[in-house]
Amino acid sequence: MAKRHLLSTADLTVDDANLILDTAQELASVAGRAIKKLPTLRGRTVVNLFFEDSTRTRISFETAAKRLSADVINFSAKGSSVSKGESLKDTALTLEAMGADAVVVRHWASGGAHRLANAGWIRSSVVNAGDGTHEHPTQALLDAFTLRQRLGSVAGRHVAIVGDVLHSRVARSNVHLLATLGAEVTLVAPPTLLPLGVEHWPCASSYELDPILPKCDAVMMLRVQRERMNQAFFPTEREYSRRYGLQAARMALLPQHAVVMHPGPMNRGLEISAEVADSVRSTVTEQVANGVSVRMAVLYLLLGGAESAIGNDEEGSAR
Amino acid sequence: MTTQSGARSAGLDPAAARAVLDGPAVDRALTRIAHEILERTGGAEDAVLLGIPTRGAVLGRRLGELISRFEGHAVPVGSLDVTMYRDDLRLKPARPLRRTEIPTGGVDGRLVILVDDVLFSGRTVRAALDALGDLGRPRAIQLAVLVDRGHRQLPIRADYVGKNLPTSMREAVEVHLSETDGRDCVLLGIKAGA
Amino acid sequence: MSGTSYVIKGARVLGEESRDLYVSDGAFAEAAPRGAKVIDADGCIALPGLVDLHTHLREPGREDAETVLTGTRAAAAGGFTAVHAMANTDPVADTAGVVEQVWRLGREAGYCDVRPVGAVTAGLKGERLAELGAMADSAARVRVFSDDGHCVSDAALMRRALEYVKAFGGVVAQHAQEPRLTEGAQMNEGELSGVLGLQGWPAVAEEAIIARDVLLAAHTGSKLHVCHLSTAGSVEIVRWAKSRGYPVTAEVTPHHLLLTEDLIRGYDPVYKVNPPLRSAADVEAVRAGLADGTIDAVATDHAPHPVEAKDCEWAVAAMGMVGLETALSVVQRTMVETGLLDWAGVADRMSARPARIGSVTGQGRSVATGEPANLVLIDPAAARVIEPGALYSLSHNTPYAGMKLPGAVVVTLLHGSATVLDGRVVER
């Protein structure tokens, strides 16, 4: 049975993940052409349903859908019935009536995308563009794509994910995907920002950053919300930055080839110094460009055929 | 999402298939096509060979080698995946993409020779023409195929044909090449399950 | 109401040898009265009518979710003859007027003895005591006080409440939930909450309050009842308190006896409940606690919600699940079939002890001549697949939809009069 949705990287097999990354690789060339458009999803409608502001992610999905010639409808919580108290269900029914083939959903609640996909409200494919503190699968896919581009491969590489793991959907999606792709992952955070039971995740964890850095092929810095300070997750920005921030001195502990990643938007001076963010090791701008390719791949594989390619063995046909 | 190792294989019932071209015959056909290309294009000076993956790309590379051997200069060779331009995408699960490699120099103002293994309905070539249109503006486009099995559904014809092979709709044609399938041959048989 | 007489043939009282029971004038009688209706109870278990310490009837205020009438019909269908109506209505049951209204609605409906629970603090706000004495003295004769849904987290206020209710033999039923430790909490804190990205609801938030409260109960010498305890640690604390002779009782819900947090993986809010579904180890512990008497009672925490309160995202969904009509079946599955309790034990935990804790006169008595004829007959061999639409409750938010559960209530008698016959609620 085909998977019609992309809700969690935990649902992807290694073949699924590699197919998405390989497809993204081919689609990346479209960005370099005079006509940056493929006719593949002509006549299909992709709805960007954003219950939470994220201009970057929305634009990335919108660009991806438009490069595949899909019709794009942006439906954001601001200035729409969503903010006037219309329920997710009623919004979903509206989209269904409008004939949406795929709904790209960003929701502030964990499980928002799962609900939309599985509650029986709609028939369209659902792509999770970030749900609460749960998952953000396309971010992890573009991160893996970037790693593959920079390091040649993901398998066997050591990746540290540093910062507010507890509240990070990026961290969760990356842990699943990187483990599936054979990378070794270490989560680095103060004990207050590591989830309970993290010892059962397919990764290691550490309260200290410095001992981890020398063996890293990549360091992924997570955005730290300043308001966490008021909830006593850490004492001050200064102390957080000193213990877990990546500055030039700490970056020097990394092997020569290692890269520094950040899902953006960055808090320069908090989790990452400007010098590091702008260094040649930083992949931040590549990540943005790769986001479009990966999201094109996901939309193509979910919508391009009669049914989703995810989980399917393609049947050969002689001619 | 399983990637295919060899395209369009396993469609034939092996017991009922017979070889209509063997290895040497495939070689001879390609050699003849290479000579025809040189003849018709006056030395293939501005030609670019674009093979349609998987086996069309292999045939394109072979033709390129033959031409440079005969003529002493290299012809740019690339590949053009037409998956995203196909008109039958919605009839099947989404397919994995193959490589598109446009040689440096591009296609603008050049003679592009599309290369494929089998010409059948013409829909793949139609998709290739659309794909080319998004990549640039060739001076002219020609088509070379190893086998033309007839049953065209579009007004498309090949400029260079290795073998014209009359077939019925119940039959299937499979091209095997050593690079992808271990040996060169063209098989004709009944579609499995047909 | 008490006009009909019954001969109940071949009932196994508390699961013992089958015998005939006679009901006349609202009580169990020595012999068959003339003209008595015959009820064939062959193979059926007879238990005293069940008493629920924890029911949300939603009236007044949320009659779209449940009313006293619909809720007590559901209770009768589940074998209950008395329910305690929780105070978190709108307006809150924090005055004599509101508790008397609920009590009167219960009497008019006639399906259960409805015992209103009074709020501990005015408006459930946790700031100052409600007029506990006025509620105790009202026609509703309130004896159980609870801010259920909210924890009386202020230690000084809890102490005073415990002291104050001694004047009229009341009991404070605490919803043990440390508010600061559970801000924004969505599910049990553990490995799964980390994976699902749902904010954790740590066991310690429940246990810390229970630990404090049992010490306050000891200090004040007043009766504490722990609502819906859900963790292994809570069982341990109550067991310790009882071993010291502290005046503490506790209840567990059917869903905490059967369901675990693993059900939350699909984010279906039908499993969202307060306290949250816990781990398999916690389920084992509460079963053991109920079996050894550390936990005194099974209480349903029947919490009806309209469709829209559950047909939404997890985070915005209401907490709670209906339970009156499935409680006995869940107890049969989790306690009887496992050998942890016999039917006499079920009667003790679902009738005698809750009646005692709630000071409900005429309920939770033995099935013996002269006693009020509050009775439930169960066919233990029956099995039913739970269909939400077939429930008597106005709301259908059951976590057991599609699940096959054992046992079926065949007859319920309230003061000698049938509220359920042949497994169907009797219309009046």
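Here the Cβ of each residue, glycine as well, is placed from N, Cα and C on the backbone.
TrEMBL has this to say about the protein:
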type    : residues                                             : note
BINDING : A:R56, A:T57, A:R106, A:H136, A:Q139, A:G264, A:P265 : carbamoyl phosphate binding site
BINDING : A:K84, A:R169, A:R223                                : L-aspartate binding site
DOMAIN  : A:4-149                                              : domain 'Aspartate/ornithine carbamoyltransferase carbamoyl-P binding'
DOMAIN  : A:156-302                                            : domain 'Aspartate/ornithine carbamoyltransferase Asp/Orn-binding'
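A straight line from the CA of A:P265 (carbamoyl phosphate binding site) to the CA of A:R169 (L-aspartate binding site) spans 14 Å. Ranked by CA distance from A:R169 (L-aspartate binding site), the binding-site residues A:R56, A:T57, A:H136, A:Q139, A:G264 have A:H136 at the top as the closest. Fewest other C-beta atoms within 10 angstroms, among the binding-site residues A:R56, A:R106, A:H136, A:R169, A:R223, are seen around A:R56. Shown in sequence order, A:S54, A:S60, A:A129, A:G130, A:V170, A:P263 are the same-chain residues outside A:R56, A:T57, A:R106, A:H136, A:Q139, A:G264, A:P265 whose Cβ sits within 8 Å of the Cβ centre of the carbamoyl phosphate site. Highest local Cβ density among the binding-site residues A:G264, A:P265 belongs to A:G264, counted as other Cβ atoms within 10 Å over all protein chains shown. Residue counts of the domain 'Aspartate/ornithine carbamoyltransferase Asp/Orn-binding' (A:156-302) by helix, strand and coil are 62 helix, 24 strand, 61 coil (DSSP-based).
Candidate binding-site residues A:R56, A:Q139, A:R169 yield A:R169 as lying near chain C, with Cβ-Cβ distance under 8 angstroms. Counted over all residue pairs in A:R56, A:T57, A:R106, A:H136, A:Q139, A:G264, A:P265, the record's binders of carbamoyl phosphate, the longest Cα to Cα distance measures 16 angstrom. Cα-Cα distance from A:Q139 (carbamoyl phosphate binding site) to A:R223 (L-aspartate binding site): 13 Å (rounded to the nearest whole number). The DSSP breakdown of the domain 'Aspartate/ornithine carbamoyltransferase carbamoyl-P binding' (A:4-149) into helical (H, G, I), extended (E, B) and coil residues amounts to 65 helix, 27 strand, 54 coil. Around A:Q139 (carbamoyl phosphate binding site), taking its Cβ as the centre, 26 other Cβ atoms fall within 10 Å, counting all chains. Comparing A:H136 (carbamoyl phosphate binding site) with A:R223 (L-aspartate binding site), their Cα atoms are 14 Å apart once rounded. Among the binding-site residues A:R56, A:T57, A:R106, not one has a Cα within 10 Å of the Cα of A:R223 (L-aspartate binding site). Sequence-distant contacts (6 or more apart, same chain, Cβ under 8 Å) of A:T57 (carbamoyl phosphate binding site) comprise A:R106, A:A129, A:G130, A:T138, A:Q139, A:G291.
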